[in-house]
Amino acid sequence: MKLSMRLISAVLIMFMIFVATGMGPVTVEARTCESQSHRFKGTCVSASNCANVCHNEGFVGGNCRGFRRRCFCTRHC
């Protein structure tokens, strides 16, 4: 009987810990909007160069993407 009470207690504590870890604060991520850069010229090869041009345009960052390798600027919607 003692062993089964310990086992039940241990299982109950593990269950409570498992449930408590999933109930933490939830952070909400902002959506990301994209727009093609107006000032970037040529084929986009360097993502850091694209990001610098996008920063000068007032965006948060930028990435090279697509088959034609264009620079797309990103910002929070």
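Using the three backbone atoms N, Cα and C, a Cβ is placed for every residue, glycine included.
According to Swiss-Prot, the signal peptide annotation covers 1-30, on the basis of sequence analysis.
Every protein chain considered, the tally of other Cβ atoms within 10 Å of the Cβ of CYS77 (disulfide bond) stands at 8. Sequence annotations record features per position, and here Swiss-Prot assigns disulfide bond to CYS33-CYS77 (among others).
The secondary structure of CYS64 (disulfide bond), as reduced to three states from DSSP, is extended strand. The disulfide bond annotation in Swiss-Prot covers CYS44-CYS64 (among others) and is backed by similarity to another entry.
DSSP assigns CYS50 (disulfide bond) to a helix. Per Swiss-Prot, disulfide bond is recorded for CYS50-CYS71 (among others).
The disulfide bond feature in Swiss-Prot is assigned to CYS54-CYS73 (among others); the stated evidence is similarity to another entry.
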_Within a 10 Å radius of its Cβ, which of these disulfide-bonded residues (CYS33, CYS64, CYS71) has the fewest neighbouring Cβ atoms?_
CYS33
*Hey, how far is CYS50 (disulfide bond) from CYS64 (disulfide bond), Cα to Cα, in Å?*
7
